[in-house]
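Okay, structure first, notes after.
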Amino acid sequence: MCEHHHAAKHILCSQCDMLVALPRLEHGQKAACPRCGTTLTVAWDAPRQRPTAYALAALFMLLLSNLFPFVNMNVAGVTSEITLLEIPGVLFSEDYASLGTFFLLFVQLVPAFCLITILLLVNRAELPVRLKEQLARVLFQLKTWGMAEIFLAGVLVSFVKLMAYGSIGVGSSFLPWCLFCVLQLRAFQCVDRRWLWDDIAPMPELRQPLKPGVTGIRQGLRSCSCCTAILPADEPVCPRCSTKGYVRRRNSLQWTLALLVTSIMLYLPANILPIMVTDLLGSKMPSTILAGVILLWSEGSYPVAAVIFLASIMVPTLKMIAIAWLCWDAKGHGKRDSERMHLIYEVVEFVGRWSMIDVFVIAVLSALVRMGGLMSIYPAMGALMFALVVIMTMFSAMTFDPRLSWDRQPESEHEES
């Protein structure tokens with residue numbers, strides 16, 4: 001049945017392109033795509049107060065985390081302690097400015113910027129509309145790049161690695177950092193993209209009938225990748241957020257494969273070159289990713305060895321294989337099993353960033369283990385190569401258009417008549 005209702009009552013699924021008529025949602029309810037199961041929108045209770053409270057609390061915890069010592073270590077009576085702000089400083093001093101920059105961006109600056117942006121937007125700060133649109137656009141683009149919780153996991157892994165050399169303690173800022181990780185995740189979770197954009201600017205009018213259960217491409221429609229507005233397929237710029245777009249991402253497979261090949265080329269030196277060098281009583285011992293896993297396993301740290309093996313070796317390898325498989329299927333060589341491809345894509349998107357855990361482990365070890373001739377740990381070129389592998393695979397997954405996997409799938413079972 002064709003409907004002439006305002007486009008605000010409908011949404012195009014960003015994952016499978018199905019047009020869905022949104023039901024009336026009570027507080028706490030969510031609408032999901034009947035075709036692929038993707039969450040389309042969530043009706044949060046107190047949509048302004050909740051993210052505001054979480055964001056303010058998270059920013060306060062972030063401030064406390066940077067004011068006091070974070071972790072400390074004692075080896076043979078020699079004590080070393082660091083603050084969070086000292087970690088990038090050490091990396092810069094060791095001529096690994098790129099790793100220090102990654103730490104500052106992904107662990108500190110990106111989460112802080114996103115939290116401040118949430119406060120400004122959900123509370124309707126007196127800002128020019130164009131600036132609000134730009135902030136909202138950047139907010140959802142940067143969301144994936146906030147890695148505070150991954151850094152926390154890296155710190156815990158570092159503790160296990162260092163317990164064989166001395167006693168490890170946490171400083172006054174460790175608990176605030178743990179709280180910050182939880183609060184900032186909750187602040188992001190309580191901001192619904194569709195609600196936020198509707199609050200910034202109204203949905204553009206659409207002067208053509210809408211048919212729920214039919215894909216947008218069959219109706220001559222496309223979804224704005226930024227603000228979820230439903231637009232005519234031939235309209236290149238969204239009138240609400242000014243984002244350029246197309247029915248399908250232009251050259252999606254070409255970009256995805258190019259970035260995938262780049263990550264594969266970087267992955268080889270990342271596993272061959274040392275990721276860190278341990279200077280113990282004047283004896284320098286370079287260590288690769290696999291050597292670190294073997295050492296942890298031989299010392300009986302089986303859970304940590306398994307975590308590092310999964311995050312640093314299995315996940316990047318399987319992610320690259322999965323992305324190649326998605327591209328192969330999107331080219332029409334698969335068995336039209338779109339649901340399986342969609343599940344693979346969701347897993348790839350979720351787990352890919354967690355491979356940064358090994359990079360953060362090296363950052364913590366390099367900053368904390370500074371004990372002169374007794375013991376010191378330095379980052380090595382393999383760590384930079386591995387960080388670039390993770391970043392390239394993340395970009396590769398982002399440039400892939402998941403709707404390509406659904407374009408060959410029949411949709412008659414979802415069409416309303």
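Yeah, the Cβs are placed from backbone N, Cα and C, and that goes for glycine too.
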Given ranges 12-32, 222-242, 285-305, the stretch to which Swiss-Prot attaches the annotation transmembrane segment:
285-305
Same topological domain, and so the same side of the membrane, for GLY282 and LEU404 in Swiss-Prot?
no
Contact between the transmembrane segment (371-391) and the transmembrane segment (51-71) (3 or more Cβ pairs under 8 Å, separation 6+)
no
Per the Cβ under 8 Å criterion, with at least 6 residues separating them from its ends, the transmembrane segment (51-71) contacts 81-85, 108, 111-112, 115-116, 118-119, 122-123, 155, 158-159, 168-174, 176-177, 179-180, 183-184, 186-187, 190-191, 364, 368
What are the DSSP helix/strand/coil residue counts across the topological domain 'Cytoplasmic' (1-50)?
5 helix, 15 strand, 30 coil
Counting only residues 6 or more past its boundaries, what in the same chain has a CB within less than 8 Å of a CB in the topological domain 'Cytoplasmic' (306-346)?
15-16, 36, 153, 157, 253, 256-257, 260, 263-264, 267, 271, 289-290, 292-293, 296, 352, 354-355, 357-358, 361, 386, 389-390, 393, 396-397, 400-402, 404-406, 408-409
